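Copied from Swiss-Prot, the annotated features are:
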ACT_SITE  C380  active site, nucleophile
ACT_SITE  H505  active site
ACT_SITE  E507  active site
BINDING   S14, K188, T189, K190, P191, T192, Q193, K224  UTP binding site
BINDING   S14, D149, I150, E151, K188, T189, K190, P191, T192, Q193, K224  CTP binding site
BINDING   S15, L16, G17, K18, G19, L20, D72  ATP binding site
BINDING   Y55, G353, L381, G382, M383, Q384, E404, R460  L-glutamine binding site
BINDING   D72, E142  Mg(2+) binding site
DOMAIN    294-532  domain 'Glutamine amidotransferase type-1'
REGION    1-268  region 'Amidoligase domain'
Amino acid sequence: MSFKSIFLTGGVVSSLGKGLTAASLALLLERQDLKVAMLKLDPYLNVDPGTMNPYEHGEVYVTDDGVETDLDLGHYHRFSSVQLSKYSTATSGQIYTKVLTKERNGEFLGSTVQVIPHVTNEIINVIQSCADHHKPDILIVEIGGTIGDIESLPFLEAVRQFRCEHPQDCLSIHMTYVPYLRAAKEIKTKPTQHSVQNLRSIGISPDVILCRSEAPLSTEVKRKISLFCNVPEHAVFNAIDLERSIYEMPLLLAKENISDFLLNKLGFSPKPLDLSDWQDLVEALCDKERQHVRIGLVGKYLEHEDAYKSVFESLFHASVPANCSLELVPIAPESEDLLEQLSQCDGCLIPGGFGTRSWEGKISAARYCRERNIPCFGICLGMQALVVEYARNVLDKPLANSMEINPETPDPVVCMMEGQDSVVKGGTMRLGAYPCRIAPGSLASAAYKTDLVQERHRHRYEVNPSYIERLEEHGLKIAGVCPLGELCEIVEIPNHRWMLGVQFHPEFLSKLAKPHPLFIEFIRAAKAYSLEKANHEHR
């Protein structure tokens with residue numbers, strides 16, 4: 001086999017941070033001059049997370065080739081340089097759909113279709129296809145869910161078979177939780193022991209046990225885990241809870257020397273690991289002595305932080321080159337004191353979303369920021385809110401609206417794109433990377449410093465082309481359009497401190513090591529506004 005595989009499973013509890021761990025391992029392995037590919041296997045029966053409730057699943061991360069994926073792929077992108085595509089994700093829904101389609105087409109020649117071998121073979125095909133497409137030195141496969149979940153069993157069986165076929169080229173990491181009982185003042189290893197026993201009963205003996213814990217594990221505890229879980233003591237690693245930032249995870253794992261162990265186990269020769277640049281970025285990100293800037297997020301799903309995970313992280317990324325310390329202030333659009341809360345912020349971000357709830361609150365926020373010259377950034381639905389607000393209060397079209405909100409509006413400033421009126425909702429939006437031509441002399445041009453960019457999209461609605469001329473006549477600047485059909489991509493208000501809306505999702509391209517330019521300029525504008533307010537108060 002031309003590549004090596006690392007399989008990452010989780011036990012004891014969910015939300016252990018397997019995605020962050022996988023992303024951090026990718027960073028460490030890339031620093032060893034190895035090409036890494038990543039694959040997330042999700043046990044749920046949905047074909048993809050595109051139609052799932054954000055409260056249940058978190059954000060939907062979109063790849064360049066237009067695949068709606070799990071938010072863990074966002075972690076992979078933000079930490080590493082891996083190329084993500086449709087080959088980087090698979091769900092039980094996709095696997096079973098493929099199997100049943102083959103059955104209907106007669107490809108199984110009348111055989112009784114079963115989980116073993118048909119479903120497991122399809123899972124193995126997914127693993128192999130990811131490697132064939134990305135051609136990595138090492139493929140990291142994260143298996144969603146928790147050991148013991150019935151949904152994960154076909155994936156684990158497929159991994160067992162794959163390991164049997166390629167015993168020298170595969171490695172299994174099992175991540176567990178080691179609780180600390182405060183009353184007894186003891187660290188308990190029994191849940192980890194049972195989780196490993198469960199995994200071994202399926203036929204997978206882990207090569208590495210990575211223990212998540214509140215505090216560092218003693219040598220005695222590691223020795224006990226080693227003894228009862230049948231792994232060498234030097235294969236028991238510790239991932240303590242991070243106190244400052246998730247971006248400390250690669251530094252923590254590097255300190256544990258886990259990458260050297262993995263490379264030796266897989267037949268590679270480890271090189272000295274230099275993470276000084278990453279350490280500097282983390283220290284800058286966590287520096288609370290920098291100027292304090294408050295950003296209000298006026299969003300629909302703020303009760304669940306993961307619903308806007310990429311937006312939150314992109315703002316923090318931008319705070320490093322902007323040299324400020326960010327405080328993110330969640331503001332419910334339905335709040336009675338919405339405007340009062342905004343008045344205490346240095347900038348406002350209106351993220352994407354769907355549906356009528358909270359729409360008018362977003363429009364109120366956009367108007368407040370426009371009239372009071374407060375930096376404001378609208379993304380996807382947020383941009384549409386900026387445009388509708390402008391049409392209502394500057395074009396004097398009080399009934400202007402989006403057709404998503406009111407299909408009968410007399411002034412449909414935002415309309416459904418041609419060909420988007422499909423009854424089937426899953427995977428039918430305008431998805432993936434499209435080009436955007438930037439207008440010279442615009443805020444967007446100052447940020448990008450180029451006239452053509454590629455950005456990722458996820459939407460059905462657009463600014464109505466029949467209203468663009470009137471919007472421009474009344475001062476709204478169309479600062480970016482898609483050359484493939486002249487679709488409006490970026491709007492700005494020229495005589496404003498910084499007010500910009502984008503139809504795409506710039507948060508899907510931001511990394512700690514390479515923040516997105518629009519987020520940087522937004523945070524810089526908010527910082528300047530904060531300084532201006534402070535100077536005015538001290539006069």
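Heads up, the Cβ atoms here are built off N, Cα and C, so glycines get one too.
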Cα proximity to L381 (L-glutamine binding site), best match among binding-site residues K18, K188, K224: K18
Recorded L-glutamine site residues Y55, G353, L381, G382, M383, Q384, E404, R460, farthest C-alpha pair in Å: 23
Cα-to-Cα gap, G353 (L-glutamine binding site) vs C380 (active site, nucleophile), nearest whole Å: 8
Mean of pLDDT values spanning the domain 'Glutamine amidotransferase type-1' (294-532): 93
Other CB atoms, at most 10 A from the CB of K190 (UTP binding site): 12
Largest separation between Cα atoms (Å) of residues that the record links to ATP, namely S15, L16, G17, K18, G19, L20, D72: 12
Intrachain C-beta neighbours of the residue listed as 'active site, nucleophile', sequence separation six or more, cut-off 8 angstroms: P351, G352, G353, R458, H459, V502, Q503, F504, H505
Distance from Y55 (L-glutamine binding site) back to I150 (CTP binding site), taken between C-alpha atoms, in Å: 23
Of the recorded positions listed as S14, S15, G19, E507, the one whose CA lies nearest the CA of G382 (L-glutamine binding site): E507
In the chain carrying E404 (L-glutamine binding site), residues 6 or more apart in sequence that have Cβ under 8 angstroms from it: F354, G355, T356, V414, M416, R460, Y461
